[in-house]
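Q: Please read through the structure below; I'll follow up with questions.
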Amino acid sequence: MTQPEFDEASMKAFCLFEFGACLLQRVAMEHGLILVDIKYEFGRSSDGSILLIDEIHIPDSSRYCLAGSYEVLKC
């Protein structure tokens, strides 16, 4: 992956995070949880474009910890 490709994938990941994680974090906090990790997977189309290739913002791609224990456990 070249630096420009990395920069493009990073920008896309940050935009996805800004869009979804803020909502997920708010909902998690309402239930006594904290969102600690999100996974985004990218691939390439046949023309070389960088694409999101997996589901996002679901339990399988996100990791949560109990809000009160996060500092102690360092999930």
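Glycine residues also receive a Cβ, built from the backbone N, Cα and C atoms like all the rest.
TrEMBL feature annotations, pasted as is:
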type   : residues : note
DOMAIN : 5-71     : domain 'SAICAR synthetase/ADE2 N-terminal'
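For the listed features, I'd like the structural context: burial, neighbours, distances.
A: Computed over the domain 'SAICAR synthetase/ADE2 N-terminal' (5-71), the whole-number mean pLDDT of the model equals 87.
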Q: How many helix, strand and coil residues does the domain 'SAICAR synthetase/ADE2 N-terminal' (5-71) contain under DSSP?
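A: Across the domain 'SAICAR synthetase/ADE2 N-terminal' (5-71), the residues distribute as 34 helix, 17 strand, 16 coil.
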